[in-house]
Structure formats: C-alpha cells, structure tokens
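For reference, the structure discussed in these notes is given below.
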C-alpha cells in the first residue's frame, strides 16, 4: 500500500502573526516558515505505518510556491520516500487543493491519504473531508489513534465530549489531531540523504484543476484587544468581586 | 434566502450548539432545520419549537444513527436542491460533515464564522484568532460553519415549525461506527457553561488538580477546563482542553488558576465576559487579559476562596 501525505508550508507556530496596516493580509515577509504542525503528525503516522510493515511507500505532496520544496525536504528527511511539488504562487483554496490531491491520489493509487486536520494559517479544517467527498471514499477525521488492518483502517477520533471509533474501508482519508503522536526530528544523516531523494515538480494545470478562488478576502484586521483590569490584594477582596458578579 | 441548519443531537435531545447556528442563519433568511438520526423524532419535535423556525426536515433511518459523514453528507446535498445555504455549528460533528457537503456541491465552505456582514459576506478568525478576515463568497450556494460563542442562542420556545419526513441515500457501506467513549458528567459542558474554572500546569499532578479545582467548580456550578500544558502533563483528559487546539469557550466568568496565559490558551477563552486569574507570577501574560487578578500561591488562595464563597 502507498500512503499519500499532503503537507503545507505555513508560518511557524511560534511566530505571532502581524496584520498588515492596509488590511490586505498577514505580513509573511522575513517570517520563519515551517511545516504545518498537524501535517508533521501526519508524516510521522505514515512513517510509523510503514515501519510496522503495513505500507510500502510514502509520497509527500505540497501545493504552493517554489519554497515549499523545503517543506517537502523536511518530510523526506523524516522518512518519506519521494515528493511532488505542485508549484503555484497563487493562494489555493481547500476545494481546489482537494481536487489536485484527488488527481494525485488516483494516479498513485494511494491506500491512505493522511493529512493534518487543519492548517494553522487559514484554519479552514476542510481539505481532508472535501477530498473524501470528491473521491467517494470514507473519512476518519481528527484522528487520535490509527490502526491499519488488511483492507480497512480503524480510527479513534477526538470528538466533543470524548472519543469515537469508526472503521473505514480502504482506500480512506485520515486527518490527524494533536494527540496522535509526537513527530520525530530528522537526523543530520537523514537530512543529507533527503537531498538525493526524488522530488518532481508539477503545476495545477497538469491535473486540469482550475484554482481560481471562490472566496474573496476583502479585509484582514486585528482582533479586538482586551484591556488588563485590576489586581486585588487578597482572597477577601476577590470573594467580594466574585459575589458582585452574581455567580456565588 | 432559504437556509438549512444542521441540528446537533444525540438522537434523544437537541444540543445547544444548534441554537447559535439558528441565530446566524436567521440573519441570512428563512430558517429550516434538518434532523438526521435514528429514532430521533423527539429531537425534531424539540427543534420545531425553536423560535423562528420554519420546516424541520426529519430523516429517521438506521443509516444516520451515528451521523457518519459518508451517509449524511449526500442526504444534505440532496436537500440543497431547494435551499440556498447549509449552516452547521462548528462542533466536531459540524466540522466533519459540512466540508463533505460543500465538496459534493462544488462550493468553498466558509468556516467558523463570527458575524454575518451581508448576504454572502462574513467574518472569520484566521491564524488562531490573531487576525479576523472578512470574506465574500462567489458560489451560488453557501456552506457555513458557525462559531457558537459568536452568536446569541435562539430561544428554545415560541416556534411552530412543521415536521416533514424526508429520506435520502441508503448506507454508503464505506464506514461503520465501532464505539464511543463519552465522559458522563453532571457538570455543565465547557462550551455551554456560564462559569468555567480552569487549571494549568502549576497544579502539579492529576490528584492535586482534582483537590484544588473541583471543590471550587462545585461551589460555583462551573465547568472544568485546563490549559494544554496541564493536558500534555496528563493531569486531565484532552476534552478538558481550552485553547486554539482544544475548545473555544466564552462563559460569563472564566477563572484561570495557575495558567500563565500562552497565546494558544488565550485564543480559546479571550472572549469570556469576565476573566479572573490567580497566579503567583505577577508578570504572567494572563494578567494582561484578566479583568480581576490575584497574585498569590494558588495552593493557599484557592482553598481559602472556596471556603469563603
């Protein structure tokens, strides 16, 4: 079985995004970029499935600018076998991403497409579900545990109030949540080796996908800022404040 | 515009998350509801009483019992022939099914809306709430998920919707439900609690967390939350987590105990009406957003507070 792992190059999760003064977006110039953290978890999970002898090959794909090559090299250094960059400088929405991924997943006959539940830039949380719909395949979203067994995969999902387990017939789409695993760091020898692993470059038109956006962002602004209040001296003063709120 | 709102339920009762989605939908036009489940007629009857509701479409079939997206999304997509917008609460259920519906309709979904600015214009948080985007859709149909804390809840009484039974595609046979582990508790759910008492890493371990946080929460009839650090350290299960990667809450009063106030935590609770922070570090970032702060050793201050309330 092959596993396809889509990865996205996004602002590093430790960087506080700054909104541009003209309201046109978030300033990404000279900002540290990294692999979307949820996608890193997807790469790790795919590697673990391969290490368990349940997959033969892992292919990473990224849709984005030429620099997304760096993100793919990170995936290759972690243990992915080869990579595909679908190069475009346009912003590609989840629906169009899903259409490109569908074409690749079919071309590669992937048994599992494993991807992050959401990207930490646009926070859409859509791509995996859309891909599953377009392919007419089952989806295991917000995965906490993934167990591949023959022609099916059992996914324990993080849901409001607890966990839910579903069994899906392969091929299937799985989206990863935070507790699924802790991604490994790539070792230096593996980083060197990754430079020699195959990386193909394609374009959205190779897959016949129109990436024209359906949503127009007309403004991006700072969220309302909360002001600090007052500090009280002791517990008695706090008790008085809480009583004044009418909750005790 | 005719909207179709997803009713969140457990086949016995309608969940509160539905009500904020109804309010958001009412800003777009007529509000119709869809109840999909098994043996869920009581839910449809409850839903029909929600203020401002028109038709309640009831799809009662074993195939919909566990709301598997593979079965429910085609049912909803069918109904979108005569509706203009599908509106779901941004719960794990809503997030699971809405994008699948959107792709079946070839529509770009608008996730987690905070406000309705026009017929096809909405605001939504991006970058974990560090920025707010205004987006306008050019699609013929809309698919939207609604952040529950951003809209008032519609009244649960006063409506006189009519229930209409519908049917849809049979079980797709792609997926099956195995089991669920849902925590049973008398405590209010985090996303609907009026008061939340939340603990951080400073609580030391699971036992201490329980000893310090639970009595105060009991006294205030509060829900219990935790920071990601406390969850990662294993003090409490993941569904306690408040923050960007956990639950987004906005109670009347949020009491943060031993929580430093990392960006990721603030993203999940900064819309609370009143924030109270207890922390021994007077420079902790939590005090920059707290309305009322107490610099103190929580192991002394919290039991004293619980006793005096």
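Just so you know, the numbers here start at 1 and follow the chain as drawn.
Every residue gets a Cβ built from N, Cα and C, even glycine.
Residues or ranges marked as domain 'Electron transfer flavoprotein alpha/beta-subunit N-terminal' in TrEMBL: B:3-181.
If you look up TrEMBL, you'll see B:201, B:227-228, B:241-245, B:258-265, B:279 marked as FAD binding site. Taking a C-beta cut-off of under 8 Å and a sequence gap of six or more, residue B:244 (FAD binding site) has these contacts in its own chain: B:128, B:129, B:263, B:264, B:265, B:267, B:268.
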Name the residue among the binding-site residues B:259, B:262 whose Cβ has the smallest number of other Cβ atoms within 10 Å.
B:262
By the DSSP assignment reduced to helix, strand and coil, which category contains residue B:241 (FAD binding site)?
strand
Candidates B:201, B:265: member of the binding-site residues with the richest Cβ shell (10 Å):
B:265
What does DSSP say about residue B:265 (FAD binding site): helix, strand or coil?
helix
Using all protein chains in view, find how many other C-beta atoms are within 10 Å of the C-beta of residue B:241 (FAD binding site).
27
Summarise the model's confidence over the domain 'Electron transfer flavoprotein alpha/beta-subunit N-terminal' (B:3-181) as a mean pLDDT value.
96
